[in-house]
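Asker: TrEMBL feature annotations, pasted as is:
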TRANSMEM  105-126  transmembrane segment
TRANSMEM  133-159  transmembrane segment
TRANSMEM  171-187  transmembrane segment
TRANSMEM  216-235  transmembrane segment
TRANSMEM  241-261  transmembrane segment
TRANSMEM  363-382  transmembrane segment
TRANSMEM  402-425  transmembrane segment
TRANSMEM  437-457  transmembrane segment
TRANSMEM  477-501  transmembrane segment
TRANSMEM  561-582  transmembrane segment
Amino acid sequence: MGVVGVIGFLPTKLLKKPEAQMEASDEERPLIHHLPPQEQCSKYTCDGTVNIDSKPALKQSTGNWRACFFILGVEFTECICFYGVSKNLVTYLTSVLHESNVDAAQNVSIWIGSCFFTPLIGAFLADTYWGRYWTVVMSILVIILGMIVLTISASPLFLNASFYNGGISRLTVYLGLYLFALGTGGIKPNIPAFGADQFDDANPVERVTKGSFFNWYYFSINVGSLLSSTVVVWVQDNIGWSVGFAGPMLLLGFGLAVFIAGRRVYRYKKLGGSPLTRVLQVLVAAARNHRLNLPDDSSLLHELPGVSEGDYRTQHTNQFRFLDKAAILSDKNCTPAAPSSPWRLCTVSQVEELKMLLRTFPVWASLVGFFMVTAQMTSTLIEQGVAMDGRVGRFTVPPASLATFDVVAVLVLIPVYDAALVPLARRATGRDRGVSHTQRIGVGLALSAVAMAYSAMVEARRLAAAAAGSTPMSIVWQVPSFFVLGAGEVFAVIGMLEFCYEQSPASMKSLGTALVQLAVAVANYLNSGMLRVVAAATARGGGGGGAGWIPDKLDEGHLDYFFWMMAALSVLNLLQFLHCSIRFRGNNTLSS
């Protein structure tokens, strides 16, 4: 997402007096002019949110943390389900379905990628038809259905049935997995957006508190991940897979009941029409008007003369000038006999919405490399752990449970970041958040490179011990890798979530947060393809000889070479990110 070459053109401050800032440059003036309601804001929210009865939301009885407790609760239970499946899925596929290491790692990456691709569908449904609340409710029901199928597929009655065979087993397992992937697409983009909706941007106190919400949202995700990596994984390995799937499913049902119980406390955003349709209309109108000449005066471009209460207007910018052709008034698209079509003539605000999304692309692309590294926690790092000595004292640690330390890092560092680092940085910089979004993301990218370099050194030492016939290395040596990756998530992932929510147009908040999930999807798809390519290329006589870098027997390969390759890619990603950030270090967005 050059990586952040144009992120500097993303101002974030609200415009109070647009006429006083019309002379400011694009880099200095805010893009969105929110138009407050005419009524007093002391009793009702000022951002146009409503209650369950579609009436203006009362400040004192709706939203804020009182609503977020319900929202974070359902997120917590959904995460127990998601991580309860994903953390140990590679083990399930290799031990129960008897897939090879490469096939299992590839299939896990594809499935996780699908779980983070479907949020585009969930965001579209929420922004266009159902709203965030009902999209979450319907999506949880689909997840529960997928968990039921998974539970049945792993039950002894099913496995011992006379009609059972490998093909039926695979079909049932993957049916349950992809029902889950479809359902989780409605959760991942809408829970953070719905939670952020509970804070009124027009209220200075609530606006600052919203920044803390994203930290605690990610905290709740990792509490669920912690329980999954320990309790759920232990149940799956020692009691049975069917019990390990059924328990999280029942807990999610309870979470859904609690979420529905809070429906009268929530604040709801009004639907703004299909964001994808609005984007397509700008692209089509710009293409159809490509022969027209842009006026020198941007005030001659098309904009609606009036706006309704709670609406917003976006200031014109000079970037991506070709898209401005969608707002050119001409005899063809503006005549009394032929009213203008939105597919031929768009408003400046609509054009600027698309420009805002395009400006997030450099930051978004930088996250893909980061998530390719974190994808190793559910694939190659687990396979490395299987080849190590899992005994710690009197206990045997399942390799999938090492992800606990990724979660521990998040759970420890989020309170420290929120309660200590932000106030210290705020006093030093004078910014509400202490550091900018891009600075926070850059720290996370650097930590991902450190984690992969350390994993490479551990694997090189493990291979040397195996070749010498020495005692296998303890799995404890993997702990720093997971801890550093968890620290990277605190900086990179949370920073990106807040960045995408705030920089997205008002009608595309769910789509904005879905972009973070899309980065995870793209990263997992790329990781899956890379694993396959690396395994095939190195097996033909590469550095690992005939066995390749990632064979079924890791002692015959060179997984350390793969980790060094990932470290090198992470460094390149970071250097490009830093280059573009330094280039625009004086810009408002980098200090926002």
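For all residues, glycine too, the Cβ spot is worked out from N, Cα and C.
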Asker: Suppose I define contact as three or more CB-CB distances under 8 A, residues 6 or more apart in sequence; do the transmembrane segment (133-159) and the transmembrane segment (241-261) meet it?
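Answerer: The answer is yes, given that the two segments have at least 3 Cβ pairs within the 8 Å cut-off.
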Asker: Is the number of Cβ-Cβ pairs under 8 Å between the transmembrane segment (171-187) and the transmembrane segment (216-235) three or more, considering only pairs separated by 6 or more positions?
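Answerer: Answer no, regions not in contact.
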Asker: Is the transmembrane segment (561-582) in contact with the transmembrane segment (402-425), using at least 3 Cβ pairs under 8 Å (sequence separation of 6 or more) as the test?
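Answerer: No, the transmembrane segment (402-425) and the transmembrane segment (561-582) are not in contact.
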Asker: Check the transmembrane segment (437-457) against the transmembrane segment (561-582) for contact, please; criterion is three or more CB pairs under 8 Å, pairs 6 or more apart in sequence.
Answerer: yes
Asker: Report, as numbers and ranges, which residues of the same chain sit near the transmembrane segment (363-382): CB under 8 Å and 6 or more residues beyond its ends.
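Answerer: Contacts of the transmembrane segment (363-382) (Cβ under 8 Å, skipping residues fewer than 6 from its ends): 1, 3-4, 7, 86-87, 89-91, 105, 108-109, 112, 399-400, 402-403, 406, 437-438, 441, 444-445, 448-449, 451-452, 455, 478, 481-482, 485, 488-489, 492-493, 496, 499-500, 515-516, 518-520, 522-524, 526-527, 530-531, 550, 559, 562-563, 566, 569-570, 573, 576-577.
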